[in-house]
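Here's what TrEMBL has on this protein:
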BINDING   B:R201, B:226-227, B:240-244, B:257-264, B:N278  FAD binding site
DOMAIN    B:3-181  domain 'Electron transfer flavoprotein alpha/beta-subunit N-terminal'
Amino acid sequence: MKILVPVKRVIDYNVKVRVKGDGSGVDLANVKMSMNPFDEIAVEQAIRMKEAGDAEEVVVVSIGVKQSQETLRTALAMGADRAILITAADDVHTDIEPLAVAKLLKAVVDEEQPGMVLCGKQAIDNDMNATGQMLAALLGWSQATFASEIKVDGDHALVKREVDGGMQSIKVKMPAVVSVDLRLNEPRYASLPNIMKAKKKPLDEKTADDYGVDVSPRLEIVKTSEPPERKAGIIVESVDQLVDKLKNEAGVI
Amino acid sequence: MTVLLLGEVDNGTLNMDATAKAVAACKPLGDIHVLCCGAEAADAGKEAATIDGVAKVLVAEDAIYGHRLAEPTAALMVSLAGDYDHVVAPATTDAKNILPRVAALLDVMVITDVSGVVDADTFERPIYAGNAIQTVKSKDAKKVVSIRTSSFDAAGTGNSAEVSDVATGDAPGLSEWVEDHVAESDRPDLTSAGIVVSGGRGVGSEEDFAMIEKLADKLGAAVGASRAAVDSGYAPNDWQVGQTGKVVAPDLYVAVGISGAIQHLAGMKDSKIIVAINKDEEAPIFQVADYGLVADLFEAVPELESKL
Ligand SMILES: Cc1cc2nc3c(=O)[nH]c(=O)nc-3n(C[C@H](O)[C@H](O)[C@H](O)COP(=O)(O)OP(=O)(O)OC[C@H]3O[C@@H](n4cnc5c(N)ncnc54)[C@H](O)[C@@H]3O)c2cc1C
Ligand SMILES: Nc1ncnc2c1ncn2[C@@H]1O[C@H](COP(=O)(O)O)[C@@H](O)[C@H]1O
């Protein structure tokens, strides 16, 4: 089985986001970019499945600006076999919407015929949590979102999902789209020799036009604003004072 | 204009809080029809009919909708969507699973986790873990929208909307439910509780997390946790509050041994009153806390519990 893993280049999760003064968006010039944390988990999972003999090849794909190549190289250094870069924007501030990403991924799936697509549950920039589900819909495949355990068993996969009430186990028919949650695994770091080796691994360069997919947005961004600021309150001296404040000032207990 | 709203039905029971908050969010959009589906959904449908602002309730009762697997539920919603301008659901894990599938089948973008409804086409949603609020205007003919329930007050009850059955579909046969692993609890639900007490890595162990639970019980509160506390096995996954966990906005949020990473703040910074107990006076949680107590939690929490 071949596993396809879509990886997104996003602002590093440690960076404090700055909203631009003119409300046009978030400032992404000269900030540290990394692989979406959930996608690292998906890449790790795919590599582990290959190591366990459940998969033969791990193909990673990224859609966006050409700098997404760096994200793909990271995935290759972790152990993915091959990469596909689909350039769909010139400006780092352009975010390709999940629907367009899903259409491009569908075109890649049609070409590559993987047995499973392993994606992240959510991109930490747009916080959409949509692409995997949309891809499954377009393919007419089964979907298992928010996975914290995946076991492939012939033509089915058993997936444990993180849901509001706790956990749910489902059995999905393969091929399937599975989106991964935080507790599936701990991604490895790429070693220096593997980073060197990754430079020689194949990386195919395509454009959205090659697949005939229209990536123009359906959602017009009217404005981007700062959330209401929360001011720090006071430091209380003791538990007694805290209880007093909660009872008599805030009136919440 | 009419809205199709997916009621939150869990094992035959309506989640009133989530559904009524989504109904309130949809008020400016037009008439609201609530769809209740499940292996059992008739009782949930009757409940939904009592929510103020609901014009009609549709019930789809069939074993294939049990456990609300995404594939059959999305197919059902798509079969009904023709009559509606908006397809909406509260942003629970079920809806997060189902709605994007509905949107893709309708060839429209999904607008997830909406915290504000500006007009029929325009919505506000938090991005970057709530560090920015984006206002988006949809160009799609139909809008598929999930609602961040913590941003809205629940609609009242007392209504008696008309309830009718709708035709059910065929099982797509793509996925099967195997089992649920749910811990029964008498505590209030995290997303609707008036008070939440959360513990973080500072609590140090699963045994010591009992201290957080005891404090919560004294306050009649729900229990939450940081990702670090969940990852370390001190607390179950469904207690996680934050960007990728639950979003809460109670009257009182007590953060114990939690540093206040942006991903955690994303899930609780709209709480009315925030209390932080942390031994590190530099911890970022104090920047959002109304009342901060710089103390060792192992002393402060039992003392607080005893003085309530
Ligand atoms: C993609 C992604 C998604 C994430 N999603 C979430 C999410 O949804 N929710 C979430 O919470 N996190 C999330 N995180 C993790 C987040 O970045 C932080 O790592 C996490 O919130 C830290 O948890 P913590 O505050 O409990 O631990 P720490 O940051 O380790 O803080 C522990 C605190 O306890 C205090 N302490 C220790 N001992 C004591 C004592 N005896 N008395 C008093 N205080 C004490 C310390 O001073 C410290 O401030 C996410 C991260 C990523 C990358
Ligand atoms: N531009 C992209 N390139 C590659 N993968 C993506 C892209 N956008 C989204 N994805 C994948 O879809 C997942 C969910 O993203 P989202 O739906 O945007 O929250 C991510 O974790 C990635 O696995």
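Including glycine, each Cβ sits where the backbone N, Cα and C put it.
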### Task
Please work out which residue of B:I258, B:A261 has the most C-beta neighbours within 10 angstroms of its C-beta, and give that one of the binding-site residues.
B:I258
### Message
Through the lens of DSSP with three states only, how would you label B:Q240 (FAD binding site)?
### Response
strand
### Query
Checking B:R201, B:Q243, B:I258, B:A261, B:H264 - which of these binding-site residues have a CB within less than 8 A of a chain A CB?
B:Q243
#### Entry: Mapped DSSP class for B:R201 (FAD binding site), helix or strand or coil
helix
### Query
Where's the emptiest Cβ shell within 10 Å among the binding-site residues B:R201, B:H264?
B:R201
### Query
When you measure from the Cβ of B:Q243 (FAD binding site), how many other Cβ atoms are you left with inside 10 Å?
23
### Query
Going along the chain, which residues six or more apart from B:Q240 (FAD binding site) have their CB under 8 A from its CB?
B:G224, B:A225, B:S226, B:R227, B:V230, B:K246, B:G267
### Task
Could you pull the average pLDDT for the domain 'Electron transfer flavoprotein alpha/beta-subunit N-terminal' (B:3-181)?
97
### Message
On the three-state reduction of DSSP, what should I expect for B:I258 (FAD binding site)?
### Response
coil
